[in-house]
Amino acid sequence: MTEDIMATSYPTFLTTPYLPMKLLMNLTNDTEDICVFDEGFKFLLLPVSYSAVFMVGLPLNIAAMWIFIAKMRPWNPTTVYMFNLALSDTLYVLSLPTLVYYYADKNNWPFGEVLCKLVRFLFYANLYSSILFLTCISVHRYRGVCHPITSLRRMNAKHAYVICALVWLSVTLCLVPNLIFVTVSPKVKNTICHDTTRPEDFARYVEYSTAIMCLLFGIPCLIIAGCYGLMTRELMKPIVSGNQQTLPSYKKRSIKTIIFVMIAFAICFMPFHITRTLYYYARLLGIKCYALNVINVTYKVTRPLASANSCIDPILYFLANDRYRRRLIRTVRRRSSVPNRRCMHTNHPQTEPHMTAGPLPVISAEEIPSNGSMVRDENGEGSREHRVEWTDTKEINQMMNRRSTIKRNSTDKNDMKENRHGENYLPYVEVVEKEDYETKRENRKTTEQSSKTNAEQDELQTQIDSRLKRGKWQLSSKKGAAQENEKGHMEPSFEGEGTSTWNLLTPKMYGKKDRLAKNVEEVGYGKEKELQNFPKA
């Protein structure tokens, strides 16, 4: 950090932003043992950049974690890695307000030494855990593309949980010395929270920082580059179709994702580590003051890029994870459809829906709440001792053939379109706003289609009625079946108890006294149930 007193071979001093740069350079030329920095730019750059990362990164990462938890269960290995990556980004973003205050107040830290150590720890913990989780994702995707059979057999979510625990443990152990090095230094007018350490310990800190950089950045960087290079080579292999060689769209999309990840990795992490290493060793070697100033400015500019990784990771989730992309799009569409429906009702309060061709879907018996009998007596009170007879076989058959009707109308549901005002067109409902020529023509087409559909339904209904009249299927109660057979009564009766279950009897298979009612598939799923005897109303 530039707020640290530099541990070079000559004495160095930090300036305030109030001294002009020309005077500082003249002072540097006159005294060879003094190198003066002008760091006024960072008091504007860092607060603004950290504030932007906080305002953008916090909602994005919280939304990502919510989608992972609420919309994407159960998790696969990639989802496990991405959730831990989002958790790491969220913890770091939550620490940024303290740094915004620190740099806006010109290197004044009023929060104490413990919080200073914690904030610096979170920065490097997020930095290196992000790199390691991206490495895990890269290795997992490489195995899935280049070795799909072995990856399915050997890699699952449990293994991913273990790997993530090892990543957190490794990063924490590697950064424990950083908690010891980082400290605060009280000055006359302010208190400095060192990003590195005190000047007398700076040489040892550089050695430690170099080892951590090679272990947690250098090696993962090589692994990521190797995995994505091999994946690109595998995906670039075309598929031979006849005499032509084509590259499928999913392979092109995967290659674009790889390019995006590599560019994001290069922008966020590479410049920061290169300029930081140059800055540390330039201070140790005691190079010329002008060159040291240039390296210092470059290092400060690249620090916001490392923090911006917390905002780029959610974009990576959207591009690299198909499940995340589908869940996010579905959630956004559901949220946006609610105000559209409200606007539709408020903008057209007097319009009445008109039914188009085809019957409406019938609610299944399980969806009807039941508190006893659906039949009411003369006093209007519900009773379990009453029964209603249904003599209209068409209503019964409509219930029995509900699934076939819905399936027949499924093709109409797929033809959903947008009306003139951009609102969703609802199936079987048409809102007439204007009686113009085009509307009348569409109504004529709708009438023709409805007549055809009604004709088909009538033909199907006739066939079912003929079956009922022949006695192939019969609806009746248990004890009343014998009486109905003697009288030749074929009128089906409806059971109004409970969930209004429809019961189907096959009299040829059972005796007159021991008849069982077989539930319709929608309600009973093939289970048999005895009908209870209720007196006819």
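Placed from the backbone N, Cα and C atoms, the Cβ positions cover glycine too.
Here is what Swiss-Prot says about this protein:
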type	residues	note
CARBOHYD	Asn26	N-linked glycosylation site
CARBOHYD	Asn29	N-linked glycosylation site
TRANSMEM	50-70	transmembrane segment
TOPO_DOM	71-79	topological domain 'Cytoplasmic'
TRANSMEM	80-100	transmembrane segment
DISULFID	Cys116-Cys193	disulfide bond
TRANSMEM	119-139	transmembrane segment
TOPO_DOM	140-161	topological domain 'Cytoplasmic'
TRANSMEM	162-182	transmembrane segment
TRANSMEM	211-231	transmembrane segment
TOPO_DOM	232-254	topological domain 'Cytoplasmic'
TRANSMEM	255-275	transmembrane segment
TRANSMEM	293-316	transmembrane segment
TOPO_DOM	317-537	topological domain 'Cytoplasmic'
COMPBIAS	448-465	compositional bias 'Polar residues'
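Here the disulfide-bonded residues are Cys116, Cys193, and the one with the most other Cβ atoms within 10 Å of its Cβ is Cys193. Contact between the transmembrane segment (293-316) and the transmembrane segment (80-100) is supported: at least 3 Cβ pairs lie under 8 Å, counting only residues 6 or more apart in sequence.
Distant neighbours of the topological domain 'Cytoplasmic' (71-79): 137, 140-141, 155-157, 159-160, 320-321, 323-324, 327, 331; these residues of the same chain sit at least 6 beyond its ends, with a Cβ under 8 Å from one of its Cβ atoms.
Counting Cβ pairs under 8 Å to the transmembrane segment (211-231), the stretch among 50-70, 80-100, 119-139, 255-275 with the most such contacts is 119-139. Across the candidate stretches 50-70, 80-100, 119-139, 162-182, the maximum count of CB pairs under 8 A to the transmembrane segment (255-275) is reached by 119-139. Counting same-chain residues at least six beyond the ends of the transmembrane segment (80-100), those with a Cβ under 8 angstroms from any Cβ of the stretch are 46-47, 50-51, 53-54, 57-58, 61-62, 64-65, 68-69, 111, 115, 118-119, 122-123, 125-126, 129-130, 133-134, 136-137, 140, 157, 160-161, 163-164, 167-168, 307, 309-310, 313-314, 316-317, 321, 324. Sequence-distant contacts of the topological domain 'Cytoplasmic' (140-161), counting only residues of its own chain at least 6 positions beyond either end whose CB sits under 8 Å from a CB of the stretch, comprise 74-81, 227-228, 230-231, 234-235, 254, 320. Taking Cβ pairs closer than 8 Å, the transmembrane segment (50-70) reaches residues 79, 82-83, 86-87, 89-90, 93-94, 96-97, 99-100, 103, 304, 307-308, 310-311, 313-314, 317, 324, 327-328, 331 in its own chain, all 6 or more past its ends.
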